[in-house]
Protein chains: 2
Amino acid sequence: MSGPDSLQADLAYRFGSAALLEQALTHRSHSARHNERLEFLGDSVLNFVVAALLFKRFPRIDEGDLSRLRANLVKQAALAEIAGRLQLSQYLRLGEGELKSGGFRRPSILADAVEAIFGAVFLDGGFDAAQKVIEHQYEPILQNVDPKTLGKDPKTLLQELLQGRKLDLPTYTVLATHGAAHSQTFEVECRVPKLDIQVTAGGASRRAAEQLAAEKAIAAVKALAPARTGRGARPRKSAQLTLPVAVAQEKK
Amino acid sequence: MSGPDSLQADLAYRFGSAALLEQALTHRSHSARHNERLEFLGDSVLNFVVAALLFKRFPRIDEGDLSRLRANLVKQAALAEIAGRLQLSQYLRLGEGELKSGGFRRPSILADAVEAIFGAVFLDGGFDAAQKVIEHQYEPILQNVDPKTLGKDPKTLLQELLQGRKLDLPTYTVLATHGAAHSQTFEVECRVPKLDIQVTAGGASRRAAEQLAAEKAIAAVKALAPARTGRGARPRKSAQLTLPVAVAQEKK
């Protein structure tokens, strides 16, 4: 079992009960002793540990922002990223059907297994052990968190960016719709007249197209006029405005 | 400060920092050092501790049922009940407006303060202290939890009750609607033909009326034919079918 050994090394945790780790890696398609109850437990210990981390790290932001940050850090895509770093797909135990259809690459299966592992560590080693393992996985992620932008959608970010520069709100216009009712695509234009910015984007819904257009407009604003370094507009912030790209892609 | 003293006795926890307990009891209408961040933290430690409690207490139920049970145990009404037992309303610090409008009786304010107290205990005494305090409050509640029924709505319970007796599903019919568009009431009939049961109920929505009718039908079924004591139909279960009454009232 060299596999789980290197997984335990990456987790910086050695299980007392190898059976618990095995169960955490077992999808319900594989056998009856699967990871779904562990996932329930792991989801809640994860939510709590991340809440406590954020509470301490950002002593001045309000509970609404704390909730937004946490939602973003524990969402499926973030957990699937952790699964990727841990190379979980090579340890997963899947039923034949899931194996053939590439279940070991599915973000939901990977994310659930990460949560199940956290739950298994809690059962195996108690709360302090689970907290350590979770914090270890989140350290590299938290270093890049900008509490002002993480998890905000591009339209909100564009609006805040323009307000910060005392500019009017952008306008969004549907230029065209293509296709039949159930497979329509929308073409949307986003304009920031004061900056002579005019970009278009397409999407499967009006909202999706607007978000993509806003993303392009943010890039255009930043290319035109890099953030001023005056009070309340440190350049570091503007550099981190690239984060929402991932958010927008998930919404498609 | 005899007030907080008796509160600490009821919590079975003595705060190292009196300021933390004070903050947990402070609504945002009162002052800037209010309890909303503590509520965020407390909500997550509560969710986790209750998840772990349920995981251990019910080793055989699946994660869907665990989620349903937890949602029911940490919902506003459950927390407001804990607040009532702790007589929290006499310790709350509210702004003048909230005081005058009876904010100290509002379930949302009471529930938030309970969560904030759990968060404050975690900050003050660490995870083990928070776990003890939460478990102490939930002991009396958990003793009455029936994992098969808690948190299920009356329509689901009626359906399960009839299926358990191999009877056909009930039918629901809207008999009449009264009033103008925005203040309509619905009158719904629920029938269980095989048992000659036919009850009606009114509600502000079709769904609400159906749930109330299902509740009446459950009572009628139980009055007609008490649960058989054969395999898979212990009388204890049927006696606990009164629980969903509280659920239905919340939905109105």
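Every residue gets a Cβ built from N, Cα and C, even glycine.
Because the structure is a prediction, the values reported are computed rather than measured.
With B:D112, B:E115 listed by TrEMBL as binding Mg(2+), the candidate from B:E22, B:E39, B:E187, B:E189 annotated for that site turns out to be B:E39. Within the same chain, residues at least six positions away from B:D112 (Mg(2+) binding site) with a Cβ under 8 Å of its Cβ are B:H27, B:N35, B:E36, B:E39. Neighbour counts were taken at the CB atom with a 10 A radius for the recorded positions B:E39, B:D43, B:E115; the maximum falls on B:E115. Closeness to chain A is evaluated for the recorded positions B:E39, B:D112, B:E115 by Cβ distance, with values under 8 Å counted; counted residues in sequence order are B:E39. Note: the Cα of B:E115 (active site) and the Cα of B:D43 (active site) are spaced 5 Å from each other. Summary of the Mg(2+) site environment: with the site residues B:E39, B:D112, B:E115 set aside, the chain residues having Cβ atoms within 8 Å of the Cβ mean position are B:N35, B:E36, B:L38, B:F40, B:G42, B:D43, B:A111, B:A113, B:V114, B:A116, B:G119. Across the domain 'DRBM' (B:153-223), the DSSP tally of helix, strand and coil residues reads 35 helix, 23 strand, 13 coil.
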